[in-house]
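> Attaching a single structure in structure tokens format; questions to follow.
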Amino acid sequence: MVEIFIIPLVTAFLLAIFIRNKKVVWPLFLISNLYILLKLWTLFGKWEIEKTIYTNYELFGAKLSFTLSNNPLGWYFAFFSAVITLVISVFSLGFNQKTKENVAPIWMLIIFSNLGIFFAADWITFFMMWELMGWTSFFAITNGRDKALNEAKYYLVLSLLGASSMLIGIILLGALTGSFEIFASAYGLVQVFYSEKALSIAAIMLLLFAFFIKSAIFPFYMWPSKVYAVGPEDYITFMSSVMIKYGIYPIAMFIVPVVGSLDLPKILNTANWIQYFVGYLGAISAVLGTILAIFQTDMKKLFAYSSVANMGYILLGFASMNIVGFEGALFHAVNHMVLKAAIFLTLAAVIFRTGESEMHKLGGLVYRMPITFLTFLLGIIAAAGIPPLNGFGSKWMIIQALMSQKMIIFAIAMIFASTGAFMYLFRALASIFLGQLPDRFKDIKEVPLTMLIPMIIMMIGMLLIGVVPGVVMKPLTTALRAVGYNVNIASWTSLEGALKNSTIDLTLVFLIFLGGFVISAIMYILGNKSETVPQEDNYTGGEYPEEWGVNADRFNYSYSFYQPFKEMFEPLLEKISIDEFFASIGRNFEYMSATVQGLFRRGEGAVLLFSIGVLLLILGGWII
Amino acid sequence: MIEILRVFLFGFFAIFIGLFFMGIGRKIIARIQLRLGPPFYQAFLDVGKLFSRKSITHNFVMDLGMVMSLAGLVATMLFVPIAGHTAIKTSSNLIVIMYLMAIGYLGMAMAVAASGNPNATIGVSRALTMMLGYEVPFFTVMLGLIIINGTSSLELIANSQAGSILNWNMIKFPLGFIAAEIALQAMMGEKPFDAMIAPAEIASGPMVELSGKYLGLAFLTHAVSIFVETAIIVNLFMGGASNIFTFVLKQFEIYLITVIIEAVFPRFKIEQAVKFLWTVPMSIALLQLVLIVF
Amino acid sequence: MTSRWDVERFGIGPMATPRQADVLLVTGYVSLKTLKRIIRTYEQMPEPKWVLAFGSCTVNGGIYWDSYNTITNLAEYIPVDITVSGCMPRPEAVMDALQTLMKMIQSGEAGAYKKYKENYEYYKANQDRVLRKTYPILGEKLIQNEEAATSIE
Amino acid sequence: MKLSKEEIIDLLKQRGLEVNDLYPTQISVIVNKENLINHLVYLKSIGFDHLSFINAVDFIDEGEFELVYHVWSYTNKVHVLNKVRIDRNDPKIPTIVDLWEQAQFYEQEVHEFFGIVFEGNKDLSPLFLENWLDIPPLRKDFDTREFSIRLFDAKPNGGDR
Amino acid sequence: MDAPSYMLTKIAEKDDLAVYELFFGPNHPGMHGNFGYVLEMIGTEIVKVRPNAGQLHRGFEKLMEQKLWVQNIALVPRICVVDPDPNEVAYCTAIEKIMGIEIPDRAKFIRTITLEMSRLTSFLMGMGALGAALGLYTPMYIMTADRDLILDLFEWLTGGRIYHIFNIPGGVRNDLPEGWVDRLNKVLDHLEKRLIEYDKILFENPIVHKRLKGLGYVSKEDAVRFGLTGPNLRASGNPYDVRVDDPYAAYAYLDVKVIIQEGGDALTRAVQVRIEFEETIKLIRQALKLMPEGEVRLNLGNLAMLKVPKGEAYAKVESSKGEFGYYVVSDGGMKPYRVAVRGPSLPAGLLLAQKHLPKMKIDDVAAWMGSLAICPPDIDK
């Protein structure tokens with residue numbers, strides 16, 4: 001148990017020493033990572049393992065201790081995120097081969113804190129790891145571009161906001177329940193909820209606030225698009241696929257059990273107000289993320305908003321408070337990890353080769369980067385939630401749960417968002433890979449092998465989970481059973497819905513699709529043979545485009561792809577001026593961040609933070 | 001083995017019926033336009049001709065996409081119960097059907113975007129916008145039926161209407177039927193919701209670069225989509241059928257309504273179409289949903 | 001094409017783009033600017049393809065035979081399978097031509113598109129002669145005026 | 001304020017122009033090149049607001065081009081042919097695009113077919129012909145029949161000769 | 001983030017790659033005739049337009065100088081296929097003006113009737129094409145079917161369906177055949193009945209209204225300033241009609257009602273055509289009623305040997321698309337010295353295209369062209 005924490009740190013140290021020597025870095029990196037994965041694998045089922053460091057300090061009557069434990073849900077997240085992180089880090093090493101060599105130690109640290117978050121058993125450890133990750137990402141973002149600093153500061157300020165809110169929440173929780181251990185405090189909170197209603201709700205809300213910030217849920221949906229646009233592509237891959245789930249995990253761990261155990265009054269016989277609150281935020285995130293993603297021109301921003309929408313789906317799954325919805329949400333968390341990693345890896349590959357991230361400046365890359373294209377294609381099919389790939393099963397479960405709970409508005413929002421997802425996903429596909437290849441990119445090549453292999457692994461992963469959902473669902477259901485939920489262990493191939501007679505067999509779906517494909521291919525083969533013509537040979541109403549000064553660059557429809565659609569939303573967006581509102585918030589944050597930055601520059605930051613922390617502690621104690 | 005045979009049987013049956021409908025549809029439109037019109041088997045001749053011609057492709061994505069588009073729709077078709085039979089025993093889940101259908105559209109969109117013609121890409125962007133337009137009201141109608149039946153299995157919903165005509169959802173939930181009918185018009189890409197094709201605007205949009213067998217595959221895709229979409233409506237609202245002939249007859253009734261509407265309406269602009277779909281059928285559907293749920 | 005004659009009853013209909021078309025109908029006179037576009041359209045059509053030249057003007061220039069901007073014989077530039085006389089031809093004549101073309105296709109007579117491939121050089125030379133002129137046609141006679149004209153430019 | 005044809009003739013004569021009374025609703029005015037813009041501005045001010053079109057006539061024997069500006073008044077119901085003669089060897093005339101915007105295309109057309117330069121017109125690119133290397137085709141010394149025979153191998157009477 | 005639509009032109013200047021080009025014509029289903037616009041677009045909005053005229057240029061003005069006076073009558077109707085008679089009448093009127101002859105009254109009336117019939121066919125085509133541009137093919141087919149009825153009448157009268165070559169200097173070729181007038185009356189009755197159907201399917205169609213309302217607005221002043229004529233001018237509220245202002249043929253004897261509408265957008269223009277269509281039927285009825293008996297042409301000797309005295313004349317005719325003008329110069333010879341043609345579509349097709357099409361959607365181009373009844377052949381000549 002402890003070795004998976006020690007090894008990354010030791011490796012990071014060793015890597016930092018041998019950083020110049022490629023022959024050492026690669027084997028060392030891979031071996032230690034594979035060892036960690038192996039160790040994680042063996043940890044499955046051994047839920048009793050726990051390591052605690054006891055202290056004699058007491059805070060508001062709660063004993064302070066640092067505990068790492070192999071809790072089932074944590075394992076579920078930790079294992080899959082570790083696999084994804086390894087793949088991303090391998091890609092990253094290839095990505096940074098020429099420019100910077102010092103990424104390997106940073107990745108080891110990231111792996112360390114990643115595992116730390118998921119295996120933390122008490123709030124204090126959790127908070128420490130959380131903060132470690134926050135600061136690591138701040139530095140990783142600023143590593144990217146020159147102008148990245150501003151956006152990184154924006155992120156930092158939000159992070160700090162979330163952290164302080166979490167800190168207060170944790171302290172409140174400790175004071176209320178007398179324990180900082182996650183399970184114990186959850187149990188305690190349910191006990192004291194009715195007597196200390198206001199404070200309990202405040203604690204839940206403060207924690208939710210922090211988690212929502214991390215997962216970019218509705219009011220805080222701005223940071224991914226800002227950060228991803230400037231951050232280094234390899235690192236934002238990690239952020240968008242793994243880090244954004246850090247808010248999801250504690251919700252599943254703590255909030256859902258607590259709210260599920262409470263007996264709150266139900267509105268319209270369907271759900272209680274916390275469900276509605278969470279659900280509405282999720283629905284708004286899903287819809288707004290979708291609409292905003294549709295209008296982006298920068299591909300990284302587009303997928304940033306797509307992440308926001310996906311977080312919305314997960315939240316909707318939680319909000320349903322139905323076991324199928326809950327499973328679906330957790331399943332979707334892993335699915336989204338895989339598919340977002342695949343998509344962002346391809347984006348990184350495209351940027352690696354072309355240096356462009358504005359979609360309308362790209363086009364036709366399928367002619368030059370076929371494997372990248374294929375990965376991206378599978379990625380967007382998965383992201384759109386279309387059957388033979390992995391995004392479908394989890395979305396389907398969430399929709400099933402929403403329908404069975406008669407949450408009609410949420411179900412409609414979900415359908416709106418996932419149909420809208422076709423729009424932005426297809427736009428990215430068409431603009432980046434399809435269409436005319438501009439002359440500027442006539443002689444680019446496919447990315448090198450170190451970057452191809454991670455992409456291929458991701459492809460296989462998406463297909464595997466899509467066809468055999470048991471790969472994820474089996475561990476998940478086992479973990480949920482271990483935690484105490486009343487679930488059946490999932491079969492390898494099929495998923496169970498919440499409604500009557502709604503078990504679907506995804507392998508069968510895949511086979512049926514294959515059947516359709518065979519029929520279709522027969523028709524294709526029956527047809528007369530075809531002839532490949534160059535991309536310039538296109539219908540132009542009979543005109544010769546070159547005579548009108550039209551080259552491939554000027555023959556691509558990709559800017560303002562959904563203009564009619566946008567015009568529909570323009571008055572609406574103007575009326576509620578949501579953009580303007582958040583832009584002003586953004587400006588305020590920028591102002592704040594400038595202040596904070598000023599403090600840091602003068603070396604007073606640490607003092608200030610410390611004093612704020614102390615002040616809050618004292619205030620907290622005083623209130624209670 | 002028998003299952004593979006059934007897959008083929010169902011697949012080709014859908015193609016056959018779809019093309020047959022298309023041929024009759026053209027004839028009916030011609031009669032409305034005071035013309036004699038082509039013979040009813042014209043669609044078969046067209047497809048035969050298209051497949052026998054040499055065709056032009058821009059890259060492998062075009063081939064892959066066109067095959068994928070037909071594959072997606074045939075796969076969808078295999079999920080839809082026809083007179084109580086499905087090709088393979090499944091739960092014929094409505095959401096699965098809706099999503100599988102998207103493979104077809106995505107494949108088609110990919111193929112035509114790969115051709116690198118802006119007309120085609122505009123067509124695709126319109127088609128996807130339209131999809132968002134009709135999917136939402138259609139799903140809202142479906143949601144009502146799913147909630148009241150407590151199942152998302154198309155087969156169970158169809159079976160629940162067995163018995164007299166008064167049990168049909170069409171009679172029980174007329175508002176929902178109207179909304180679904182309007183959404184269906186858009187789903188089939190018929191006027192007034194055919195902005196994605198719009199020859200006068202974008203030179204037949206997605207089809208602009210398709211030739212020979214690619215156009216043939218697009219034809220077949222359209223044929224199967226007609227079959228699938230009418231079959232969904234028949235199952236949802238007209239109680240399915242006990243035998244295959246009544247089922248096809250009911251499908252044809254639905255298709256007939258679509259064709260007649262097609263003949264007498266011009267096309268909406270895409271934003272007008274989406275606005276219309278989000279106001280008229282959507283509010284009808286929501287009203288129906290509210291009536292069902294509360 | 002009108003509803004009284006309705007060619008669709010023979011399964012013939014207009015298509016939007018050359019990619020989808022089998023037969024190229026050249027309806028009437030062909031000006032130089034149009035010829036250029038006809039050639040591109042023709043070359044974009046997938047094989048097998050046929051050309052129906054429509055009206056006297058495509059055969060010998062018709063009423064515009066002495067115009068400086070219309071060609072006189074379309075068959076010099078792209079292979080023509082069948083021509084219809086008249087200016088304008090009557091709808092019955094067009095329908096007859098279409099049906100004759102259908103019969104010719106069935107019997108394998110209509111294969112002008114093969115000629116285009118075989119004699120590509122000949123057609124290209126003819127096309128280039130009229131479309132990519134590099135010197136004035138009446139230049140030697142009127143060299144002074146020509147100079148004046150270019151100086152105006 | 002409606003002016004009759006006679007009043008208009010009088011007005012124009014007062015401005016020292018040569019006016020011919022052609023038909024019940026038509027008069028022609030002979031203007032010189034320098035006076036043209038002034039004259040047209042004046043006409044526009046007394047209600048001649050519709051520029052029908054501009055065309056040129058090649059009087060090759062006299063060595064002159066005649067430009068005709070067709071102006072019609074909706075209020076006076078009179079059509080005025082404003083005729084300007086310019087030298088054939090130095091065919092230049094000021095543009096009237098500022099007066100009537102559609103004159104842009106008429107001037108482009110006249111330039112293309114006669115080679116007349118409209119000074120001040122920014123865009124005199126060819127509108128109708130492509131790759132035209134001969135003298136402008138509507139000049140009288142351009143022999144279209146010869147041109148057609150040489151370039152297209154045209155045969156008079158369909159080759160029956 | 002995609003920019004809002006009102007910023008597109010600025011983006012076009014700044015970011016070249018945001019712009020793409022779309023070729024609208026000549027080989028395009030939305031384009032009537034051989035004409036083209038090269039559209040520079042951002043998204044689905046047009047930012048710049050380059051008209052590509054001249055693909056129908058046949059050098060009419062040059063050809064006419066090579067042919068005898070009367071031979072040219074075979075040439076002129078080919079300038080505009082859908083509405084050929086105004087060309088013949090304008091050309092003949094110009095010759096008659098130069099020669100200073102007055103044609104017999106009956107000839108004037110027959111000319112008027114053929115002109116108005118030609119207007120009907122053209123309106124039918126125009127309304128059908130507008131419907132087709134909006135994707136509504138049914139009225140197009142019904143209207144072409146109805147147009148064939150008029151073409152049959154033309155064939156009976158003149159021997160030609162499309163090109164009639166019926167008007168000659170000094171009158172018309174022949175008198176009306178027996179029974180022709182009855183048949184014409186029947187056709188007119190039929191058309192009047194059909195109008196109700198057109199209204200139902202096209203002009204009262206809510207979607208047509210939605211599509212056309214506010215499209216391509218031309219103000220009252222602009223319509224005159226840009227040189228628009230015909231129904232387009234009157235749809236902007238200008239009560240001008242050549243038939244009234246400068247009567248030719250028999251219009252001086254007839255009570256021509258000038259219809260004006262204040263609207264100036266595409267819908268108004270479409271409705272304008274519809275109302276004028278009805279008026280045209282009434283006008284033909286009126287002409288039939290008032291038509292005197294008598295000669296139908298002057299004896300000018302052998303027309304092939306016709307010599308026109310030295311002189312010049314401009315003759316204009318109100319065609320279905322606006323003012324068709326022929327400026328004829330004669331040097332007293334066997335052939336015209338110069339014939340210049342003013343087609344009605346040029347201001348709309350070239351000038352207004354550059355004014356209106358930017359900021360318009362690609363969706364609307366075909367409908368816009370249909371509403372202005374742009375006929376490319378008379379731009380190119």
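The backbone N, Cα and C atoms fix where each Cβ goes, glycine too.
Pasting the relevant annotations from TrEMBL:
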- A:120-418: domain 'NADH:quinone oxidoreductase/Mrp antiporter transmembrane' (DOMAIN)
- A:24-44: transmembrane segment (TRANSMEM)
- A:73-95: transmembrane segment (TRANSMEM)
- A:102-120: transmembrane segment (TRANSMEM)
- A:126-142: transmembrane segment (TRANSMEM)
- A:154-178: transmembrane segment (TRANSMEM)
- A:198-223: transmembrane segment (TRANSMEM)
- A:235-256: transmembrane segment (TRANSMEM)
- A:276-295: transmembrane segment (TRANSMEM)
- A:302-324: transmembrane segment (TRANSMEM)
- A:330-353: transmembrane segment (TRANSMEM)
- A:447-472: transmembrane segment (TRANSMEM)
- A:506-526: transmembrane segment (TRANSMEM)
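In the displayed structure, how are the listed features positioned relative to their neighbours?
Non-local neighbours of the transmembrane segment (A:102-120) in the same chain are 1, 4-5, 8-9, 11-13, 15-16, 19, 25, 29, 32-33, 36, 67-71, 74-75, 77-78, 81-82, 85-86, 89, 92-93, 96, 126, 128-130, 132-133, 136, 139-140, 182, 234, 238, 242, 246, 249; each lies 6+ residues outside the stretch with a CB under 8 Å from one of its CB atoms.
Residues 106, 109-110, 113-114, 116-117, 120, 148-149, 151-152, 155-156, 159, 163, 166-167, 170, 182, 227, 230-232, 235-236, 239, 243, 246, 250 of the same chain lie 6 or more positions beyond the ends of the transmembrane segment (A:126-142) yet place their CB under 8 Å from a CB of it.
Beyond its flanks by at least six residues, the transmembrane segment (A:198-223) meets 154-155, 158-159, 161-163, 165-166, 168-170, 172-173, 176, 189, 192, 243-248, 250-251, 254-255, 258-259, 274, 278, 281-282, 284-285, 288-289, 292, 305, 307-308, 311-312, 314-315, 582, 585-586 of its own chain at Cβ-Cβ distances under 8 Å.
When Cβ-Cβ distances below 8 Å are used as the criterion, the transmembrane segment (A:276-295) is approached by residues 208, 212, 216-219, 221, 225, 267, 302-316, 318-320, 407, 409-410, 413-414, 416-417, 420-421, 423-424, 427, 562, 565-566, 569, 578 of the same chain, each at least six residues removed from its ends.
Long-range Cβ contacts of the transmembrane segment (A:302-324) within its own chain (Cβ-Cβ under 8 Å, at least 6 residues beyond either end) map to 215-218, 221, 224-225, 227-229, 240, 244, 247-248, 251-252, 255-256, 259-260, 271, 275-276, 278-279, 281-290, 292-293, 296, 330, 332-333, 336, 340, 343-344, 347, 359, 383, 394-395, 397-398, 400-402, 404-405, 407, 410, 413-414, 417-418, 420-421, 424-425, 427-428, 485-487, 496-498.
Nonlocal intrachain contacts for the transmembrane segment (A:330-353), taken as residues 6+ away from its ends with a CB within less than 8 angstroms of a stretch CB, comprise 73, 76-77, 80-81, 84, 87-88, 91, 95, 233-234, 236-238, 240-242, 245, 248-249, 252, 299-300, 303, 306-307, 310, 313-314, 317, 362, 365, 368-369, 372-373, 375-376, 378-380, 382-383, 389-391, 393-395, 397-398, 432, 441, 444-445, 447, 451, 454-455, 458-459, 461-462, 465, 469, 472-473, 476, 480.
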> Okay, the transmembrane segment (A:235-256) and the transmembrane segment (A:447-472): do they have at least three CB pairs under 8 Å, pairs separated by 6 or more?
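Contact criterion not met.
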